[in-house]
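Sequence annotations record features per position, and here Swiss-Prot assigns substrate binding site to His123, Thr124, Lys260, Asn269, Arg278. Annotation source Swiss-Prot lists divalent metal cation binding site at His153, His197, His252.
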Amino acid sequence: MSKIIGITMGDPCGVGPEITVRSLAEMSAADREATRIYGNLATLEAAREALGLSVDLQPYVVDLTVEGAPLPWGSLSAVAGDAAFRFIERAVRDAEAGNIGCIVTAPINKEALNMAGHHYDGHTGMLRSLTGSSAAYMLLASERLKVIHVSTHVSLKEAIGRATTERVLATIRAGNAHLKRIGYEHPRIAVAGINPHCGENGLFGTEDDDQIGPAVAAAREEGIDVQGPISADTVFHRAYSGGFDLVVAQYHDQGHIPIKLVAFDTAVNVSVDLPIDRTSVDHGTAFDIAGKGIANHGNLNSAIAYARKLVAGQASRKAAS
């Protein structure tokens, strides 16, 4: 299995190119040799100039054509959306072929993506489609808090409908397997409720009793150390304080808000249950500051470090088999 990680530079008009260049510039020579950047060389060179850096880019870039590159920073366009898709598509194919061990994605713009005819709700849905996977889960990881989501980019109304026993159970299983993979021998998992105070015995909704509770019971029967549903207004604090290794959140904002509160610049977005490995920054394209050389690349550094751990784990498993 390849130890090379592949960074997709994201939307050419956003902060992705500059944070990618800055992260590459800070790498050791050995880490650079184990890195490929899927993007557009002219755009990356423009970002390098904006940053005032002198790092050599050409040896590490899989250079893909972008019409009119470099495009204006901070602009929304179908050209940029299509380019962002093609960067990811090429990286996925190389990952499937074993040429790279993990993909690290810089931010894309969903509106630009859809303008270009690529109708996905984000990276996770796109990767699920490109790999032909039936399921994929978004896990946000920080040093003291990790959260996996039952649903993500859907309306709150739809998210409630998606919190089925089957889907909650599948999310618990996926989270448990991932934590074991990264070194947790006996992961301790908490499942957040979806209603205030988990419905108060049906006073505020029955989903916790009828859908989420049975999923937790089934997971426990499988030997998974899981508790819940636990009221969402306390479960994240308990996990952050060391009581749990992972929280299963029922919908996007339930899981994202606590993570971004405690680890805004360092949290890593991980796609779980795909046939390939992928980590990502946990922020958007930030068009308002793109090209100004002020974007914080700490989040990307965290995603790169997590990817290298996953790649090292692949090598360890292969050696043991």
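Placed from the backbone N, Cα and C atoms, the Cβ positions cover glycine too.
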Between Arg278 (substrate binding site) and His252 (divalent metal cation binding site), what is the CA-CA distance rounded to a whole number of Å?
19
Cα-Cα, whole number of Å: Lys260 (substrate binding site) versus His197 (divalent metal cation binding site)?
23
Between Asn269 (substrate binding site) and His153 (divalent metal cation binding site), find the distance joining the two CA atoms and give it rounded to the nearest Å.
14
Let's check the environment of His197 (divalent metal cation binding site): how many other CB atoms sit within 10 Å of its CB?
15
Going by DSSP, give the three-state secondary structure for His153 (divalent metal cation binding site).
coil
Using C-alpha atoms only, work out the spacing between His153 (divalent metal cation binding site) and Thr124 (substrate binding site) and round it to an integer in Å.
10
For the substrate site made of His123, Thr124, Lys260, Asn269, Arg278, how many Å separate the two farthest Cα atoms?
20
